Amino acid sequence: MGKEFSGVLNGQGLKIALVVSRFNEFITSKLLSGAKDSLERHGVSADNTDVAWVPGAFEIPLVAQKLAKSGRYDAVVCLGAVIRGSTPHFEYVSSEVSKGIARVGLDAGLPVIFGVITADSIEQAIERAGTKMGNKGFDAATQAIEVANLMKNLT
C-alpha cells in the first residue's frame, strides 16, 4: 500500500498572512477575530501573523499574490464579505474574487485559503461571521494550518 498524507492542526512555527477587505468591515472584522482565534488556539504566535487590509474584496487576489510570492509565509488567508444587492455587481465581484484567489494559490504553490463570505443578505453574512453558522474566518485559518502542514509533508 502507498503512503497516505495529511496535515496536522499544529501551527507552531508557521507564518500566516491574512488579507482582509475593509468593505463591510462590520462583518470582516468578525472574520478577522475568528481567524486570529483559530491561529492562536492552534499555536501560531501573534508575531507570526501579519494582516494586510485592502479596500474591497476585488483587491484581495492582487495583495494575496504579492504575499504568497514573497516567500515569507506558509499560507495566506483571504477574508471578505460580498453581499448581494439589486444590481449584477455581486455576481461579477464574487466570481472574480473566487477565481483570483484560486489562481494565486495555484500559481504560487502555496495554500491561499478562500474565507470570503458571499451572501444573499446582511443577515446571512452575519450568521456566517460568528453567529448561527460558525465563523468562516475561524474555519479558513484552521484550513490554512492544515494545508500548510500537508504541503510540508509532501516535499
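Note that the numbers count up from 1, one per residue, in the order the chain is shown.
In case you wondered, yes, glycine gets a Cβ from its N, Cα and C as well.
Noted in Swiss-Prot for the protein shown:
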type     : residues                                                : note
ACT_SITE : His89                                                   : active site, proton donor
BINDING  : Phe23, Ala57, Phe58, Glu59, Ala81, Val82, Ile83, Phe114 : 5-amino-6-(D-ribitylamino)uracil binding site
BINDING  : Ser86, Thr87, Arg128                                    : (2S)-2-hydroxy-3-oxobutyl phosphate binding site
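Taking CA atoms as the reference points, Phe114 (5-amino-6-(D-ribitylamino)uracil binding site) and His89 (active site, proton donor) are 19 Å apart. In this view, Ile83 (5-amino-6-(D-ribitylamino)uracil binding site) is surrounded by 19 other Cβ atoms within 10 Å of its Cβ, with every protein chain counted.
Phe114 (5-amino-6-(D-ribitylamino)uracil binding site) counts 19 other C-beta atoms within 10 Å of its own C-beta, drawing on all protein chains shown. Spatially close to Ala57 (5-amino-6-(D-ribitylamino)uracil binding site) yet at least six residues away along the chain are Ser21, Phe23, Gly80, Ala81, Val82, Val93, Val97, Val116, judged by Cβ distances under 8 angstroms. Long-range Cβ neighbours of His89 (active site, proton donor) (same chain, at least 6 residues apart, Cβ-Cβ under 8 Å): none. Cα spacing between Arg128 ((2S)-2-hydroxy-3-oxobutyl phosphate binding site) and Ile83 (5-amino-6-(D-ribitylamino)uracil binding site): 12 Å, rounded to the nearest whole number. Note on Ala81 (5-amino-6-(D-ribitylamino)uracil binding site): other Cβ atoms within 10 Å of its Cβ, all shown chains, come to 28. Secondary structure from DSSP puts Ser86 ((2S)-2-hydroxy-3-oxobutyl phosphate binding site) in coil.
If you compare every pair of Cα atoms in Phe23, Ala57, Phe58, Glu59, Ala81, Val82, Ile83, Phe114, the residues listed for 5-amino-6-(D-ribitylamino)uracil, the longest distance is 16 angstrom. The C-beta environment of Phe58 (5-amino-6-(D-ribitylamino)uracil binding site), restricted to residues of the same chain at least 6 apart in sequence and closer than 8 Å, consists of Val93, Glu96, Val97. Secondary structure from DSSP puts Phe23 (5-amino-6-(D-ribitylamino)uracil binding site) in coil. Cα of Thr87 ((2S)-2-hydroxy-3-oxobutyl phosphate binding site) to Cα of Glu59 (5-amino-6-(D-ribitylamino)uracil binding site): a span of 20 Å.
Here Glu59 (5-amino-6-(D-ribitylamino)uracil binding site) is positioned 22 angstrom away from Ser86 ((2S)-2-hydroxy-3-oxobutyl phosphate binding site), judged by their C-alpha atoms. Secondary structure from DSSP puts Ala81 (5-amino-6-(D-ribitylamino)uracil binding site) in a beta strand.
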